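Asks: Pulled the feature table from TrEMBL, pasting it below:
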DOMAIN    12-450  domain 'Major facilitator superfamily (MFS) profile'
TRANSMEM  48-68  transmembrane segment
TRANSMEM  80-99  transmembrane segment
TRANSMEM  105-125  transmembrane segment
TRANSMEM  145-165  transmembrane segment
TRANSMEM  171-192  transmembrane segment
TRANSMEM  261-282  transmembrane segment
TRANSMEM  302-319  transmembrane segment
TRANSMEM  328-349  transmembrane segment
TRANSMEM  361-385  transmembrane segment
TRANSMEM  397-419  transmembrane segment
TRANSMEM  425-446  transmembrane segment
Amino acid sequence: MPLSPKVYTWLCGFFAALGSVTFGYDLGIIASVLPAPDFLATTGNPDATAQGLIVGCLLLGAFASNIYVGSLADYVGRRVSILAGCLVFLLGGSIQAAAQNIHYMYGGRFLAGMGIGMLAMLAPLYQAEIAHPSIRGRLTTLQQFMLGIGALIASFIGYGCFHGLTGQAQWRVPLAIQLLPAVPLAFFILLLPESPRYLAMKGRNEEALQVLARLHAHGDIHDPFVVNEHKEILAQVRIEQQETRDAWAQLFLVKSNFRRLVLGIAIQFSIQMTGVSVIQYYAPRIFESINIDTSTTLGLQSGNSVIALIGEGLCIWFIDRLGRRKPFIWGNALSGLTFVIGTILIAVFPADTGNHNASRAFVAMTWLFNLVFSSCCGPLSWAIPVEMFNSATRAKATAITSSAAWISNFMIAQVSPIAFDHVGWKYYLVFAVCGFTNALFFWAFLPETKGIPLEELDAYFETVPLFVPGSKVYVPDGKTREEELRQGKIMVPEGAETEDVYEKDKAVIEHVA
């Protein structure tokens, strides 16, 4: 029995997301590498600033990759770019595992970061461009789910190596293991179908039609959804080619594009202001302040990784049911609340009080934060930006929005050790406040993009008001679509007939049914 189109598309997106396993693993494993005695001796006993730079070089490399990866993806395609990202990561990871001094670590982390930055941007881009609108959210949030799997593996391997190995093996083995997920991705990525939107941009229209049919209709090029989607992609590409010769200029000079760009940057920057990276990178130091040693902390982080994976699974389940806007807003607010409670606990019951109940409550707050973040914030921070832009600007815009994630992540990695030294628990107040300000900002300015075909998003953002609360819903449930269209409750792109829009909707509804 052949696979259903949605299962086939899902598997393609799942395989493309393997690069995110390396991302999550590399982010997670550093917490168990930094305290290893032989690692400290090999790298010259780095101080807090140097340790922050070891963590941060990965993020600087990811930021650097976003300078060119958007143009590369538009020039050679999504699959070849993913292959290039794998190769760069494998080189960087190998240098880390074989490091002879701290400069090897700096260089290896930077190169690995370049590869991770490429894969982290390209995977959701590819997923969004091959996905049916009804499963696009679930497919693009696989990025964070696979990242969670990588972090989970890192937490258990880090814990096992910290306790079960000594000497160089204690840190070289976990760093070498990070190479494994990138190998099958590098070997087999070219066997997956290319993005039909990329093919259309290159004038390979017949190939685009065949890929759409393969993804959505068992290869039937006459399927109503495939035919309509193909026509819409070609029409959108023609418009983009006529209206703009420079996608970079279009991003900054077209008002609706610039609005989306600012939103995407704000989304990625806001994620770091929830405090997630502080907990991820510096958990041993944080828990030490409440009398929990490094060994116990690494064990607790393993449990935390399991909770994160549960949250990411929940996000995949509800994103195409509840949408993006409300979960993202509530997730930020609840994240802020967990930091408020955690900050109060550390302020009132510092380590010298010996209050074990307060320590347990603080750990519980970090776990609750992780559940909320992983189910509402982290996955959506990658899913929303990639689906906001048209084909001509998507790769370049996603590169810019992703760079905001890396540079803000680097800022947190560098500032946190210094903040812990100088202000202690008061540093957590930053994240307690930012959770609520994030929620307020996105309540005001983030529109809902659930279920809207990628080719209709230009018209949508040109119509939806800047202040979002109270604006009309663009895509309701299919059963009420005709009535909503007739009553004018749904925005129709300027120049399009209501009947024409509804004809396309019928094809979509029939295909989903």
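Note: Cβ is positioned from N, Cα and C throughout, glycine not excepted.
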Asks: Cβ pairs under 8 Å only, please: of the recorded stretches 171-192, 302-319, 328-349, 397-419, 425-446, which one is richest in them relative to the transmembrane segment (105-125)?
Replies: 397-419
Asks: Cβ under 8 Å, sequence separation of at least 6 from the ends of the transmembrane segment (361-385): give me the contacting residues as numbers and ranges.
Replies: 120, 124, 128, 137, 140-141, 143-145, 147-148, 263-264, 267-268, 270-271, 274-276, 279, 283, 286-287, 290, 292, 300, 303-304, 307-312, 314-316, 318-319, 324, 327-328, 330-332, 334-335, 338-339, 341-342, 345-346, 397-398, 401-402, 405, 446, 449
Asks: Could you tell me what the rest of the chain brings near the transmembrane segment (425-446), counting residues at least six beyond its ends with Cβ under 8 Å?
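Replies: Distant Cβ neighbours of the transmembrane segment (425-446) are 263, 266-267, 270, 273-275, 278, 289, 324-325, 328-330, 332-337, 339-340, 342-343, 346-347, 350, 384, 416, 419, 466-469.
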Asks: Is the number of Cβ-Cβ pairs under 8 Å between the transmembrane segment (48-68) and the transmembrane segment (145-165) three or more, considering only pairs separated by 6 or more positions?
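Replies: Output no: the transmembrane segment (48-68) is apart from the transmembrane segment (145-165).
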Asks: Counting only residues 6 or more past its boundaries, what in the same chain has a CB within less than 8 Å of a CB in the transmembrane segment (302-319)?
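Replies: For the transmembrane segment (302-319), the list is 28, 137-138, 141-142, 144-145, 147-149, 151-152, 154-156, 159, 279, 283, 327, 366-367, 370-376, 378-380, 383, 450.
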Asks: Sort out the residues at least 6 away from either end of the transmembrane segment (261-282), same chain, that have Cβ-Cβ distances under 8 Å to it, and list them.
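Replies: Apart from its flanks, the transmembrane segment (261-282) reaches 27-28, 30-31, 55, 151, 251-252, 304, 328, 332, 335-336, 339, 366, 369-370, 373, 377-378, 380-381, 384-385, 388, 397-398, 400-402, 404-405, 408-409, 411-413, 416-417, 420, 427-428, 430-431, 434-435, 438, 441-442, 445-446.
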Asks: Report, as numbers and ranges, every residue of the chain located at least six residues beyond the transmembrane segment (397-419) whose Cβ falls under 8 Å of a Cβ in that stretch; write 'none' if there are none.
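Replies: Beyond its ends, the transmembrane segment (397-419) has Cβ neighbours at 48-49, 51-53, 55-56, 59-60, 62-63, 66-67, 69-70, 113, 117, 120-121, 124-125, 251, 257, 260-261, 264-265, 267-269, 271-273, 277-278, 281-282, 285, 381, 385-386, 388-389, 427.
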Asks: Quick one: mean pLDDT on the domain 'Major facilitator superfamily (MFS) profile' (12-450)?
Replies: 88
